[in-house]
Amino acid sequence: MSDSENDYSDESSGSEYESPVKKGKSAPKKPAAAGSKKKASATRKPAAKKATTTTTSTTKKSTTSKKSESDNDDFSGDDKSSSSDNENVFKNIASSAKKGKSIEEIYQKKELLDQILLRPDTYIGSTERQEEELWVWEDKRMVHRKVSFVPGIYKIFDEILVNAADNKQREGNMKFIKVVIDREKGFISVTNDGAGIPIQVHSEHKIYIPELIFGNLLTSSHYDDSEKRLTGGRNGFGAKLANIFSTKFIVECADSKSKKLYKQTFTNNMRSKEDPKITSYQNKTDYTKITFYPELDRFGMVEFDDDLVALLSKRVYDIAGCNPTLKVSLNDEELGIRSFEKYINLYFPDEENAPKVYYEKVSDRWELAVTLSKESQFNQVSFVNSICTVKGGTHVTHALSNIVTAIQEQVNKKNKGSADIKPAFIKNHLSVFVNCLIENPHFDSQTKETLTSKISSFGSRCEPSEKFIKRVLDSKSGIVASILEFAQFKDQSALKRSTSSGGKKGKVSIPKLDDANLAGGTKSEDCTLILTEGDSAKSLATAGISVVGKDHYGAFPLKGKLLNVRDQSTKVINNDEINNIVTILGLKYGKVYETLSDLRYGHLMIMTDQDHDGSHIKGLIINMVHHFWPTLLRMPGFLVEFITPIVKVFKNNQKPISFYTMPEFLKWRETNDKGWDVKYYKGLGTSTPGEGKEYFSDLERHKIDFEWDEGANDNIELAFSKSRADDRKKWMAEHIEGTFLEQFGVKKLTYSDFINKELVLFSIADCERSIPNIVDGLKTSHRKTLYSCFKRNLKKEIKVAQLIGYVSEHSAYHHGEASLYSTIVGMAQEFVGSNNINLLNPAGSYGTRIAGGKDCSSARYIHTRLNDIARAVYHADDDPILSCVVDDGKKVQPKFYIPVIPMILVNGCVGIGTGWSSTIPNYNPRDLIQNMRLAIDGKPLKPIKPWYRGFLGSIEANQGSKVQGGQYLSKGIWKKLSDNRFEITELPIGFWTQDYRELLDELETPGTRKKKKEEKEKKAASRKGTKAKPTTTKRSKRVDDDDDNEKVTEATVKSYTNYSSESTIHFIIDTIQPVDEINIEKVFKLVSTINETNMVVFDEEGRIQRFATTTALQEHFFPLRIKHYQMRKDFLSERLSEEYSRLSNKARFILAVVNKELVISNVKKVDLINKLKEMKFDRIINKNSNKSARDKIKKKKNAFDEEDAAISSDEEKDGAQEEQDDDTKGYDYLLSLPLWSLTLERVKKLIEERDSKKKEWDILLSTPIQEIYKRDLDALEKALDDQDAYDESLKNQTESLKKRTKTKALPRAKKISAKVVKDTKEAPLTKLVKPTVKIPTTTDSNVSGSKRKKSDDTTSTSTSTTTSSNTKPIESFFAKEDKKPTPAVKKSTLVSLDSDSDFDDDVVVSSKPKAPPKKTSKVIELSDESDQESDQESDQGSDPESPPKRSKAPPKKPTTIATKKATTSKSKVIDDKSSDDEVIKAPTNRPTRSRVPPPKSLSFLDSDSDDDDLYDNEESSSDSD
């Protein structure tokens, strides 16, 4: 039995229906009952849910709880206990039976009208009085207060009012609605003009149309669902409900077409009606007027009270606001509301602290306004086709989706340290007003409190403009700030709760902690915790602690840099590193420390590397303590730093000298450089344990106490607070180069000095690593890589892994290999969206646009070399004039290279440093070449726009953008194929293929991304052994409180097909809606923005500058480039002059010796020097010590014989004798000539070279630098032509191969026989048991055959031979058969191979007679060897304990394993062809296999370069690699 079957079980006996109201009238205790209801309501008040604007609900939970009292008061039934609808139905029947009721009396059928009167809740809501916090019209404004009202009477009024408003949507000429609420007479009338109701008889029902629609249930003009309507009526109840719940209901209709006036009166709850009165009507205006007298007794009312009138008046104002073109009047007073925006202002009338309201008319069907919620609780006032949806619905969720998403992105961006803010949390801080027109709306019930229509059926979309969203996000709105404030409060509360049980403990168990013995005890204040930078530093500290003792000193290694805890509360909770430190020290969040006795340690010592990153770690620790426990920093001696030397110098047996700062060492080196050996201590790991003990033995000398000062608070916040990024820019700009912190001998250090003199150096270095230089467009890591490639003259491919090592060694790169790997890969990538000019050549898989380069191979698999175009960009002739950086005491990369065009605009950049970030798009190098030519000619530069190599889409200026600086729109390419199909052949810049596939999956199946994210979090949590955190919050039953507020809410894509390759884009998409009805570019994200608003770079002086336009950047670059062309010309001219003089003097010298004018044998060197001076030979000292390595290689290449090599090599020996005086050095180029070069032939050749140099010199002097520049531009343009030809060849190759290759699938796999299927089922792999039988010994072979008989559990095989017919499959070793082994072949050719080597060129072949076959046990082991393990080279053959790894032997080579003589037990190895994963474990006594030696390891050419040279080319054209 269902609940519905018992709906009428509480009725009094009798089949005739009696009005419950009449019974209520006759009841003498009616007023008392009403009073008791109020009292009951008051007692339940504290438990009631707090009402808001959202909950202007006419049906509350209290309705159900009050129903029993209502039933008791309204009905005189005997069984009061059975009056509740929620009572058990069987109890009701049993109770009724006891009272003598028959089955007919228990089960009743009611007419619909009677059922409506009996159960009004379904149709109009409760008929009982209730109290709620609602908006009402009072004192000429909207007021939010507690209201006592009956929802039912409110609803019947609303039905008549909405009917009038619906006429506006049906009839556009409607002009007014007049509402009269007569409190004295107890009636309400609603009048509207517009198209009237036809006054004629319905042909089917034989009654007039007005009577049909106002006096008969289930009549409506809205039953045709194929018709798109924007009205509120739907179910055929509407106005009839007002008639049913009224004592009198008067209908008055004027029809100008039929010239009739219709008037009819209904009474007795629509049961009685008068005949219609039809009179003549001559007016041209149609109208409809409904007047009704609510049955107040039914609603427990005597009159229209103040609360009801205020509530009904508010609904009249609602209608006026939703229909601003209508003249709406209330009690003959026109309201004068002409827009929805003005209606909204009624809620905030001239308040001093009124929040700013942001309104937008999105379209003809959507109006939207958003403001900050004062109560931090979501409020909404919404209307659907003039119906007030007090509980919101899908329209509110849809209207807010874009806004909430934008706020969420903004908040999460500013609140990076905390957990992502959920949409529901954001909505709690919003108040929203929505007015919309929805086609054929669906509601949760007849009360129409919640819209339930699907968004796809709305007939329109609410898409607020970017301008509106930006206004909402503006700081003036206070929305983002309010959300951030509450989020931080929430995080801080969670943080405080997370360590509520912390504090001082005797012992703690934390991995890698070496706890002090007295820590946590009574003497804990005397203990010191040493935080070290990594494990290696901890070992140094441990060695030192052995000197001072473990009682008072503990050590704990940090994994790396600590988290910046400011605004990072949620991350702090989940940060193991910080939690460990808090536990070790015994700290508690939120506690103010006045003494150190509550801690496990009284001192915190920081021991980090003496470099920039070490300074940063110190700062982060200071920041953490200052943020959570600032009073600890004020306690003298709590925070201490341990300093170690950064440089030590050694000389013979003298005592080493230590330096603790680089400026200090450089100052010393100016006067004390000779004879000293220098050792750089970049990390603590450089120090030996012995040195560590020395440091700790003189602890007072190596520690510095931090001291609180007046400016400490401000300076620490300056360095680490996110809100002070602009202050940090000024802070770094004001730093004076050369300023350093004196450490050695200092006992105390103020926090301000540390921040302003030490930490600032890290911030500057961080920017140098992250932000490129305007001159060469390179960051430091890119410059070091390019320098190393030029130094090595990298013309032949080497592995990236090798290049990483080379760069680290030769450019003093001090960071991780992973960072350098990403740098090298990034310089070589050439897919769309990466480089316009890739300086390195990608030989291997360097990533594609499928994953944006993330799909690149490991460094050990890919190769690279210098790209041919690199030297066209960075000309070799500029190398000698560059100023180099000195690192670790040697010259490394230049401060900047000087390219032919501004490379900063060619490949762009993205970088984030301290206080600064930089984002520069890519531009066409040909445009830059053209602009440089214009600049050479003194003409103005042409504007350029972003350009990306290989991109087929369009990049256009965003004309509507109000962003300061240039903004462009990058658009993909799409084409309509049919009504519901289109194709995409290009994506906007930065949108990778894999990401786009995920977007299409989301558009096809909404929620896909969320599901993948949850799965990823679950996997990550399972690896850590923790529970995955829920990604969704608890959902509310209310539609507009739904937390799942994602951008994609409904499916748009029916299906799609992906034809994209690694370099091209091609998707064919089938849509659910017609293509023409979809905003393809927006929905499918085929447009992205490219900004020129953050072009930040270092200039040539090392200062950070921001450029507003690309033209300004080019104008800054050009004079710098011209200046360096002049420097290049001057240098080359000086060098040619020197070479001319050198060749002339050499020719004269050789000629003088040959003619015996100069005697060089048996002469003192001093006399020889004087003779050379007398003969006026030029003294030539190599001033241009920083010579181009390119010239050296060129000369070596041109040395055709030993004499040429000897003459050219003398230049490299200039200055080799450091102890010589200047006179001797000046003539070394002559005196170092070999004797066998002093010939007349050599004189002739030298004169020819001299004349050639003179000609070259003259040409150089006569060529303007502008002409030199143009030649370089021409050369670069030619290189670009070659690059374009290369790109085209790749494209043509693909097309050519596609034409030659027929597109077809692989042949289908063949079916297997039934016997094989049966065998497979009988012996499934899952049931296999690994055989483990001991290896037989020689003694076992002599056992009688009966003893060696195979049992059911023993596996036996025949001896493996070279004959394929005797080779058994692996299944034979698992088969339970007892077959005799096949006799072995008498002779066998044995081949020994190294299965691990790819170089098995030497094969040992032996032919030995075989002994009779003997049963030998095998141990077969299944291996799950990974690809990585198989890549490693190992000598398994020499290790009898380790099983050999299987590897496929080279083709056409036998793979039989050699065996021992018959006297020993034979080891048999099975050639398993069934599985690559099964590895055969050889017996312990297997014979030694012949092993082919590996090829000689490759090594770099030795470098004995001059430190004075920019490059020492280690790789000539005949590179051995």
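Even glycines carry a Cβ here, placed using N, Cα and C.
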Swiss-Prot annotation (region 'Interaction with DNA') - matching range among 325-334, 605-614, 1085-1094 = 1085-1094
Positions whose Cβ lies under 8 angstroms from the region 'Interaction with DNA' (1085-1094), at least six residues beyond its ends = 917-921, 946, 955, 958, 961, 963-972, 974, 984, 987-991, 996, 999, 1106, 1108-1110
Query = How big is the Cα-to-Cα gap, in Å, between E533 (Mg(2+) 1 binding site) and D611 (Mg(2+) 2 binding site)?
reply = 11
Ask   = Which whole-number value in Å describes the distance between the Cα atoms of K240 (ATP binding site) and Y861 (active site, O-(5'-phospho-DNA)-tyrosine intermediate)?
value = 81
Ask   = Which of the recorded positions D609, D611, Y861 has its Cα closest in space to the Cα of T447 (ATP binding site)?
value = Y861
Remark   = What DSSP reports for the region 'Interaction with DNA' (1085-1094) is 0 helix, 6 strand, 4 coil
Ask   = Which residues does Y861 (active site, O-(5'-phospho-DNA)-tyrosine intermediate) neighbour through Cβ under 8 Å, counting only same-chain ones at least six apart?
value = K799, G844, S845
Request  = For K240 (ATP binding site), list the number of other Cβ atoms lying within 10 Å of its Cβ atom.
outcome  = 25
Remark   = In the three-state DSSP scheme, E533 (Mg(2+) 1 binding site) belongs to strand
Ask   = Where G238 (ATP binding site) and D611 (Mg(2+) 2 binding site) are concerned, what is their Cα separation in Å, rounded?
value = 80
Note = N163 (ATP binding site) sits from D609 (Mg(2+) 1 binding site) (Cα to Cα, rounded, in Å) at a distance of 80
Request  = May I have the DSSP-based helix, strand and coil counts for the residues of the domain 'Toprim' (527-640)?
outcome  = 54 helix, 19 strand, 41 coil
Task = For each of the binding-site residues (E533, D611), count the other CB atoms lying within 10 A of its CB, then report the residue with the highest count.
result = E533
Message = Please report the distance from the Cα of D611 (Mg(2+) 2 binding site) to the Cα of N163 (ATP binding site), rounded to the nearest angstrom.
response = 79
Query = Taking the Cβ of T447 (ATP binding site) as centre, how many other Cβ atoms lie within 10 Å?
reply = 23
